[in-house]
Structure formats: C-alpha cells, structure tokens
Amino acid sequence: MVSWRRRPGPGLARLWGLCCLVLGCWRGALGCPASCRCSSWRIWCSEPVPGITSFPVPQRSTEDDNVTEIYIANQRKLESINDNEVGFYVGLKNLTVVDSGLRFVSRQAFVKNINLQYINLSRNKLSSLSKKPFRHLGLSDLILVDNPFKCSCEIMWIKKFQETKFYTEAQDIYCVDDNNKRIALMDMKVPNCDLPSANLSNYNITVVEGKSITLYCDTTGGPPPNVSWVLTNLVSNHESDTSKNPASLTIKNVSSMDSGLWISCVAENIVGEVQTSAELTVFFAPNITFIESPTPDHHWCIPFTVKGNPKPTLQWFYEGAILNESEYICTKIHVINQSEYHGCLQLDNPTHLNNGAYTLLAKNEYGEDEKRVDAHFMSVPGDGSGPIVDPDVYEYETTPNDLGDTTNNSNQITSPDVSNKENEDSITVYVVVGIAALVCTGLVIMLIILKFGRHSKFGMKGPSSVISNDDDSASPLHHISNGSNTPSSSEGGPDAVIIGMTKIPVIENPQYFGITNSQLKPDTFVQHIKRHNIVLKRELGEGAFGKVFLAECYNLCPEQDKILVAVKTLKDASDNARKDFHREAELLTNLQHEHIVKFYGVCVEGDPLIMVFEYMKHGDLNKFLRAHGPDAVLMAEGNRPAELTQSQMLHIAQQIAAGMVYLASQHFVHRDLATRNCLVGENLLVKIGDFGMSRDVYSTDYYRVGGHTMLPIRWMPPESIMYRKFTTESDVWSLGVVLWEIFTYGKQPWYQLSNNEVIECITQGRVLQRPRTCPKEVYDLMLGCWQREPHMRLNIKEIHSLLQNLAKASPVYLDILG
C-alpha cells in the first residue's frame with residue numbers, strides 16, 4: 001500500500017519564512033546571544049557552548065518591561081552580575097542563575113528591579129555575598145545552596161534571616177572556616193560580628209516654632225556601624241555630625257510645617273541595618289489659612305481651615321457678639337491632618353436674620369488669629385422675594401437675639417392692634433330706652449366680629465420657636481400624558497410642570513394613554529380653602545415655584561379645630577403658571593393613598609396661589625435615616641438617637657414600595673424618587689412626596705444640565721441619563737437606589753465619585769455595592785431593579801410583595817420615635 005504525503009505548498013512556505021523573519025528581527029533587536037533563546041517575555045540561556053561571558057542586555061540599551069523571567073544555567077564563563085545589567089529589565093520578576101561560574105554580585109545590581117520576587121543563585125562560585133543588593137526587594141525566595149561560601153561576617157546576614165525564618169523553606173547552606181572545615185551556616189560563629197543597634201536621646205521631640213533642638217543617636221555593633229539621618233521632607237535648616245558616636249542632629253529655627261514629621265537614625269554594617277525613629281512635634285500659634293463665604297449643602301456651611309498646635313479653641317462671633325452654638329448652628333471638624341483642621345460653621349435652615357458678618361477666633365497658649373467673612377443666606381421679607389406679608393396688619397419688631405439658639409432667632413411679630421371702640425359717655429340719663437338697646441346691640445355685633453375675625457388675615461402668627469424645626473415636603477408627581485417624547489418640548493407648553501429649579505416637559509410613555517383635564521375622574525373636586533383659615537408659622541424652604549411654609553389651617557377637618565399643614569406658594573403669577581397650578585391641583589386631588597402625602601386643597605383668593613399638604617412631623621426620610629444611623633453620634637448633641645434595626649428598615653422600604661405600586665396603577669411616573677423626597681410621620685409612617693425644595697437643600701444630589709435643568713443622576717437608570725426617558729421602569733431603578741439609601745442609613749449613592757464619574761459608571765453597567773447591613777435577599781432585589789434593559793427589571797408589584805414578606809418575617813418595634 002502506497003501512502004502519499006502532501007508536500008507543503010508555496011503559501012505555507014511563505015508563511016513559515018515570514019515567521020522566521022519576524023523572530024529573527026526581534027532576536028536581533030534584543031541582541032539575544034547564540035547560547036540563549038529569547039521571547040517577548042522570557043530569556044533562556046542553558047547551552048554551555050559557545051556560552052555567554054556577561055549578563056545578556058538589550059542591544060538598544062533601553063529599558064524593557066515585557067521580560068518577566070530570565071533563566072541562565074551551565075554558563076561557566078559568566079562570573080559577575082554588574083551595575084545596570086539586570087536593570088534594563090524593569091518588569092523582571094524571576095531570576096535564575098544556576099550551575100554557572102558566578103563569583104560576584106554588584107551592590108547596585110538590582111536597584112531598578114523593584115518587581116523581583118524570586119532569585120535562585122544555587123550551585124555557583126560565590127564565596128561571599130553582600131546584603132545590599134537585596135535589601136530593598138520584597139523577595140519571597142532567595143535560594144543560595146551549594147555555593148563555596150567562606151565563613152565571614154559578610155554572610156552573617158544570611159544566617160540572621162534564616163534564624164528569623166525569612167524564607168518559606170530552610171536551606172542547607174554551608175561555609176568553609178579558616179581551617180578549611182565545612183560547617184553549616186547556622187553553626188557559624190564569627191567574633192565581633194553583630195547586628196548594630198541605635199538609640200535616640202529623645203523619643204518625644206517637642207519644640208516651639210522658631211526655637212532650635214539637638215538630637216543624639218547612640219549606636220553599637222561590630223563592625224562599628226555607619227550612621228545616617230533620614231530627614232524626608234524636613235523644611236527647617238539643620239546640621240548633622242556622624243563622625244563620632246553618638247551622632248548628632250541640630251534643627252535650627254524650627255518651622256511649623258515640620259510638625260508631625262518623623263526623624264530616623266539608621267545604623268548599618270555588613271551584618272545588616274537598624275532604624276529607630278521619633279516624631280517631631282512643633283508647638284505654634286494658630287493660623288486661619290482659609291475661610292470662605294457660606295455654601296449650601298445638606299446644611300449651610302461656612303468652611304474654614306485652621307492650623308495650630310496644641311489644638312486651638314475656636315470661637316465664632318456674629319456682628320461682634322459671641323455666637324453661642326446649639327444643635328442648629330455649630331462648628332463641625334470634618335478632617336484633621338496633623339495640626340491642620342478642616343471644618344465649617346454649620347447652620348440649619350438660616351434665614352435673613354442670620355445674614356451678617358461672622359468672625360472666627362482661633363486661640364491657644366502660643367497666640368491667636370482671627371478672620372472675618374460676610375454671609376448672606378436669604379433676602380429680607382418685603383423686598384419682593386420674601387414671604388407674603390400684609391403691611392397693614394403686621395409690624396415686625398426685630399430684636400438682636402443670640403443667633404446660636406435658632407429656636408429664638410425669629411422675628412417677634414406683634415398681633416394686630418385691635419382697637420376697641422371707646423365707650424360713649426352718656427349725654428343724659430334721660431336717653432330713651434330704645435336708643436340704649438340699639439347701642440347695646442351694636443356693641444354685641446362688634447364683639448362677635450372681633451372674636452371671629454382674629455384669624456381672618458393670612459400671615460405669620462406668634463413666634464416660630466414653638467414649632468418643630470424639621471423640614472417637610474410633598475409635591476406633585478408626573479402623570480404620563482400625550483405629547484412629544486423628547487426633552488425638547490417647549491418649556492412653557494401645556495405639558496410642562498415645575499420641577500425644582502426648572503420647568504421640565506412631561507414625558508410621554510406610548511404604552512399608556514394620556515390623560516387630559518376632560519379625562520380626569522368625573523368626581524374630581526379640588527377643595528378650596530379660605531385664606532383667612534390659613535395662619536403661617538414659619539418658612540420651611542424655597543424652590544423655583546415659590547416658598548413653603550409651616551402653617552395652621554382652621555376648619556379643615558371636622559374633628560379638629562386646627563391642624564398643622566405644609567403650604568406651598570406660587571410666586572409666578574403668569575397665565576401659564578396659573579394653568580399649570582390648576583392642572584396640577586386636579587391631578588393631585590386624584591392621588592389618595594395612605595403612603596402618598598395627602599393633598600388638602602388650594603387657596604386662590606388673591607395672590608399668591610397656595611397649595612395645602614399634610615405636615616409630617618419627623619421631616620424627610622434622608623435626615624431621619626442619618627439621625628438614626630451609626631454616625632448619628634457625630635451629628636447629635638446629648639443622648640444618641642436609637643439606631644434603626646433591620647426590621648424597621650424593611651418596614652420603611654415596603655411602605656415606599658406600596659406608594660409606588662399605587663402611582664404605577666394610576667399611570668404616574670415620579671422621576672425623582674429618593675429618600676430626601678419621602679417624609680416620616682408618627683409611628684414610623686412613611687409617605688412619598690416632594691415640594692421641589694430638595695433641590696436646594698440637597699443640591700449635591702443633582703447634576704445641572706445646561707443652564708437650568710437639574711437631574712438626580714445618581715438615582716437615574718442609563719436610559720434616563722442618555723435619552724431622558726422616564727417610565728415606571730425607571731422608577732423601579734430609583735426604588736432600588738432608595739433601598740440602598742435605607743440600608744446605608746442615608747448615604748449619598750456613589751458618594752466617592754463626581755457627577756461625571758457617576759454618569760460614566762452607570763452607563764457602563766456598574767452598580768452600587770452591597771451595604772454592610774443589607775441582607776442578601778434585599779441586595780438581590782436591588783440587583784433586580786438595576787437590570788440594564790428596562791423590561792428585565794422586577795415589576796413594582798413583585799418588589800412590594802417581596803418586601804412585605806421580608807418585613808413580616810421580622811416584626812417591627814415602633815418605639816424608635818419616642
């Protein structure tokens with residue numbers, strides 16, 4: 001039987017030739033010796049003939065970080081590794097030189113090879129070996145067996161490391177003594193050959209700025225060690241003398257910039273080296289290096305940086321008078337860096353009464369420093385941007401109060417001066433009985449009018465200090481209506497609603513049918529509230545639409561004479577704004593659910609137009625979570641609030657989910673679901689709402705697009721960020737982020753990243769990590785909310801059902817609110 005073998009065709013031959021040409025070119029470029037084989041990552045030299053006489057280096061003498069392994073064996077003519085030879089291979093990790101003629105390793109041989117992890121120098125001609133080539137390397141293995149070491153002090157360092165079990169495995173290393181006797185290295189004894197020691201004269205170096213100090217370093221060891229000082233980043237002038245023992249270091253005119261630096265004394269001989277260190281503490285007078293006008297964050301903050309040692313005491317002054325701090329206005333130190341303190345004066349909901357000059361005084365026993373900054377938080381009422389005031393009714397009497405106690409930082413408002421009609425003198429005792437009766441009747445009627453007219457004016461009543469200082473809000477949600485499904489819709493069009501800082505078009509979802517005014521529920525009836533039944537107490541905040549006040553509302557509920565409410569005003573009196581106002585009121589009237597903030601009605605008697613919502617005692621959920629988290633002790637004074645339990649977190653989460661189920665059933669898309677837009681009432685009752693104020697209070701949560709639009713991108717899915725597409729599925733994504741907020745006690749999502757970095761992470765498919773206190777079942781639920789494709793996300797009803805089941809499995813105790 002004849003077998004046929006196909007001969008290589010010309011194409012295959014050409015390919016093989018090309019490969020050989022490429023390999024040959026690379027080999028030539030590297031300068032690979034004849035006894036070596038070279039690749040892009042490895043050099044292998046094991047052929048004894050013709051052999052190599054020096055360590056292989058690249059022909060172009062440029063650094064190469066691709067080669068990670070060099071293996072050399074059977075090279076009897078290779079006797080040394082010199083400076084700058086191995087240094088060309090900066091990426092080298094493994095070096096093997098075995099069964100060769102190696103006699104010498106330069107002390108600078110591996111100075112550039114910081115990645116070296118493994119060195120094997122076995123079976124060579126090494127009679128001595130210094131420690132210096134290896135002291136800066138983080139080696140996992142250094143193998144030195146079967147070398148003709150000579151018993152001397154120079155190899156004592158190898159014994160010391162063997163004794164301290166520096167290597168993963170003990171090695172049988174031998175040396176030859178003066179009698180040509182071969183002994184184990186571990187049994188080697190060399191007189192006057194010890195590891196040196198070093199001791200500083202002072203380990204608590206303290207000096208006043210501008211003074212001088214001298215430090216001594218006493219060393220011992222055999223052979224006598226060389227001494228050096230390590231003075232990294234030392235700014236002050238200094239002199240050292242290491243020619244005698246003890247060595248000395250004198251620092252002159254010490255600078256405060258050197259406070260906190262470490263000063264080290266190093267003693268080194270051929271056995272090894274030791275280092276001892278002490279921290280330099282410089283005492284100096286305070287210096288306020290930075291102070292700036294207030295910036296809005298979660299609270300208003302006047303930022304500052306103060307240097308000083310000992311730690312300066314800080315005192316604030318307002319308009320020249322001492323500012324007594326309280327829970328509403330206090331100094332917070334955020335970062336301490338040696339003797340540098342970064343912090344701010346934090347003000348909770350300041351008003352125009354807090355405008356003025358603030359002076360910071362920093363003082364310690366070495367001196368003091370002060371800096372002043374002007375602060376403007378709010379315009380004075382009555383200048384066109386203040387709250388609604390009837391000048392004929394109210395007289396504002398401002399008393400210079402202690403601004404530190406914000407519960408007393410309100411205008412003292414006098415009640416209307418009710419003038420009682422003076423009693424008319426009797427002209428004669430003979431006035432007819434009929435006229436007397438008529439006068440009495442008139443007086444009775446006047447008294448009745450005065451009695452029931454006391455609440456007939458819409459304005460602020462009484463000092464605001466009697467009301468809780470919590471911020472609370474609720475707001476319109478967004479119904480999916482017919483119109484353009486692009487963000488380029490006319491801002492002033494009929495489908496635009498006021499959202500925080502701007503008007504944003506209502507986005508159409510083609511899966512739903514739109515709803516117009518004619519399609520509202522037939523029984524839709526917006527309750528109208530008389531203006532004289534609304535009495536403002538204090539301002540809660542301000543959005544683009546206008547201001548929000550805490551108020552008392554009379555005759556709203558049959559069972560109560562008056563109740564606390566949140567009042568939202570409309571400052572824009574244009575026709576379009578009024579149309580939006582009425583349309584919004586009709587939509588809100590249809591939202592009736594136990595976990596949606598209740599809308600009571602409107603007041604349209606005169607200007608401004610007013611919406612009335614229920615008031616939630618404990619404010620927004622984000623502040624509530626922070627106040628009941630592990631970091632609450634950093635923010636609170638006095639008793640620390642009780643920390644939320646896992647079951648209470650689940651109870652909160654399932655209430656929010658219940659509210660979102662209802663909104664989805666009504667074809668509403670929230671578009672700004674976050675803990676800052678949820679409110680907390682009695683017995684851990686949580687409701688969804690939003691006055692739009694959160695864009696002012698939580699400004700860092702929003703990303704400004706163009707000149708006006710602010711988007712909560714940390715809560716938005718990819719399709720909303722990239723295409724401005726808002727649907728029930730995008731609300732599901734936001735609900736997952738809300739769950740993450742709850743189980744982190746109110747942390748900001750992606751708090752470690754800038755807004756641009758957050759956009760990049762979300763659009764690239766990254767998700768938030770599992771919170772430390774979060775059960776796996778809840779995190780799996782979060783991941784179900786964060787699927788990139790909207791149709792792959794969990795259904796809102798599924799989420800509510802899962803949270804309900806988890807909450808039922810863990811009973812809730814509601815005494816957290818006291």
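Start at 1 and count along the chain as shown; that gives each residue its number.
Just so you know, glycine gets a Cβ as well, placed from its N, Cα and C.
In the three-state DSSP scheme, Gly546 (ATP binding site) is classed as coil. When Cβ atoms from all protein chains are considered, those within 10 Å of Gly546 (ATP binding site) total 24, not counting its own. If you look up Swiss-Prot, you'll see Leu540, Gly541, Glu542, Gly543, Ala544, Phe545, Gly546, Lys547, Val548, Lys568 marked as ATP binding site, on the strength of sequence analysis.
Residues annotated as domain 'Ig-like C2-type 1' in Swiss-Prot: 196-281.
Taken from Swiss-Prot, the feature domain 'Ig-like C2-type 2' covers 295-364.
Under the heading domain 'Protein kinase', Swiss-Prot lists 534-803.
The annotation phosphotyrosine is assigned in Swiss-Prot to Tyr512 (among others) on the grounds of similarity to another entry.
According to Swiss-Prot, the phosphotyrosine annotation covers Tyr698 (among others).
Residues annotated as phosphotyrosine in Swiss-Prot: Tyr702 (among others).
According to Swiss-Prot, the phosphotyrosine annotation covers Tyr703 (among others).
As annotated by Swiss-Prot, phosphotyrosine applies to Tyr813 (among others).
Here Swiss-Prot flags 384-394 as region 'Provides specificity for BDNF as ligand versus NTF3 and NTF4'.
What Swiss-Prot records for 1-31 is signal peptide, and it gives similarity to another entry as the kind of evidence.
Annotation source Swiss-Prot lists topological domain 'Cytoplasmic' at 451-818.
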C-beta crowding around Glu542 (ATP binding site), within 10 angstroms: 20
Per DSSP, three-state class assigned to Leu540 (ATP binding site): strand
Tally of residues which DSSP labels helix, strand or coil - the domain 'Ig-like C2-type 1' (196-281): 3 helix, 51 strand, 32 coil
Residues of the domain 'Ig-like C2-type 2' (295-364) by DSSP state, where helix covers H, G and I: 3 helix, 46 strand, 21 coil
